[in-house]
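What TrEMBL annotates here:
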type    : residues                                       : note
BINDING : G109, K110, G111, G112, V113, G114, K115, S116 : ATP binding site
DOMAIN  : 13-82                                          : domain 'MIP18 family-like'
Amino acid sequence: MSVEDAARKLGLEQRVLAALTAVTVGVDGSDVVTSGQVYDVVATGGAVRILIDPDKVPEPLQEELAQVIAPYVESLPGVERVVVKPRPRPVAQRERIPGIAHVVGVHSGKGGVGKSTVVVNLAVALAQRGLRVGLLDADVYGPSCPTLLGLSGRAEEDPEQGRIEPKVGHGVKVMSLGFLLPEGQALIWRGSLVDEGLPQLFEHVAWGELDVLLIDLPPGTSDVHIAVARYVRLAGIVTVTAPGQVSVDDVRRGMEMFADMAVPCLGLVENMSGVACRGCGHVAAVFGAGGAHELAEQTGLPLLAEIPFEPEVSELCDGGRPVVTAAPGSRTAEGIERIAAALVERLGLGARVEASA
Ligand SMILES: Nc1ncnc2c1ncn2[C@@H]1O[C@H](COP(=O)(O)OP(=O)(O)OP(=O)(O)O)[C@@H](O)[C@H]1O
């Protein structure tokens, strides 16, 4: 792990990594972190996953290493549970895509909880802070980002570069499967099509220089999620859920899947946290209550925003007008701005924002 990546880790992850540098195994005297035997540490609250690199620690020795480090890490303050396992093979083939500083996935457990609405508005909010932002709509089941940004038509290939030009909406460079498919047609993405098609959306698109590329992932857990995490190292995921328990349970499964692939969750967003009355602003809890709070408490992850269902948000967004520009005073826009601020801080983009002010 690079020094830069290690420095971006959360408090507990950093403390565990630092503690593990005291563990030396092997003859050359180097510790398990510096030698790369520990590939990554991902903490979901007090639950710590230590991923061992199977290329550095062959299978017969993995159990031995686990027996040394698990009790040691368990004894550290703030650690409740330790799982030591080999990182999946293959894990992110690409450490970085040239020109793209950070890649962040946005996912949800269930469909229809407002994930695309959140990711589109988040992209616009980040672009408004002066960042160079890309948005890859990888929701193969229903690519809706173009509509939410008022974009349509097909993406064209630049014959000289041999690359597809992303469309630009509200200052965000956008690529969507919706730009590649004939209008109204769906494509069933499975197996090899996912493995071959997805890398093209990263590599064959003329993204240029980006501070952050957001990916609108499909809901649930699928081949697409695995393919993305295997292709490029994600800085993390932002998890969108509705407050009801079923949605929260689905989300937990998705977070576990990403943690197993060494991808941390950067925070939770609760959308549709009740319905805001157009007249008095009172918020009624019609989609369940408290789920995301409970999840945040259990996992120790930050709850970045709670966004109520605001009927005018739906009208504006579905009409291609992101609320962060069309209704900046709305609770949704305020929630999105909080998520944007948290992401800027977590990705270390504060200086870039200041420089572009
Ligand atoms: N906070 C909100 N207030 C009002 N309407 C909202 C809000 N969030 C989302 N919506 C509306 O809910 C519908 C579903 O939202 P969206 O398409 O973003 O969900 P999704 O989780 O991305 O769905 P999918 O599963 O299709 O990917 C849209 O019509 C959207 O405008």
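Start at 1 and count along the chain as shown; that gives each residue its number.
Positions of Cβ are set from backbone N, Cα and C atoms, glycine also.
Just so you know, TrEMBL annotations are computer predictions that nobody has curated.
This view paints the features noted in TrEMBL onto the structure.
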residue: G109; record: ATP binding site; contacts (Cβ under 8 Å, 6+ apart): P219, G220, T241, S247, V248, D249, D250, V251, R252, R253, G254
residue: K110; record: ATP binding site; contacts (Cβ under 8 Å, 6+ apart): P219, G220, T241, A242, V246, S247, D250, V251
residue: G111; record: ATP binding site; contacts (Cβ under 8 Å, 6+ apart): Y141, G142, P219, G220
residue: G112; record: ATP binding site; contacts (Cβ under 8 Å, 6+ apart): P219
residue: V113; record: ATP binding site; contacts (Cβ under 8 Å, 6+ apart): P219, V240, T241, A242, S247, N271, M272
residue: G114; record: ATP binding site; contacts (Cβ under 8 Å, 6+ apart): S108, V240, A242, N271, M272, I307
residue: K115; record: ATP binding site; contacts (Cβ under 8 Å, 6+ apart): V106, H107, S108, D139, D216, L217, P219, V240, N271
residue: S116; record: ATP binding site; contacts (Cβ under 8 Å, 6+ apart): D137, D139, S144, C145, L148, D216
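Mean pLDDT for the domain 'MIP18 family-like' (13-82) in this predicted model: 88.
Reduced to three states, the DSSP call for S116 (ATP binding site) is helix. Within 8 Å of the Cβ centroid of the ATP site, not counting the listed residues G109, K110, G111, G112, V113, G114, K115, S116, the chain contributes S108, P219, V240, A242, S247, N271.
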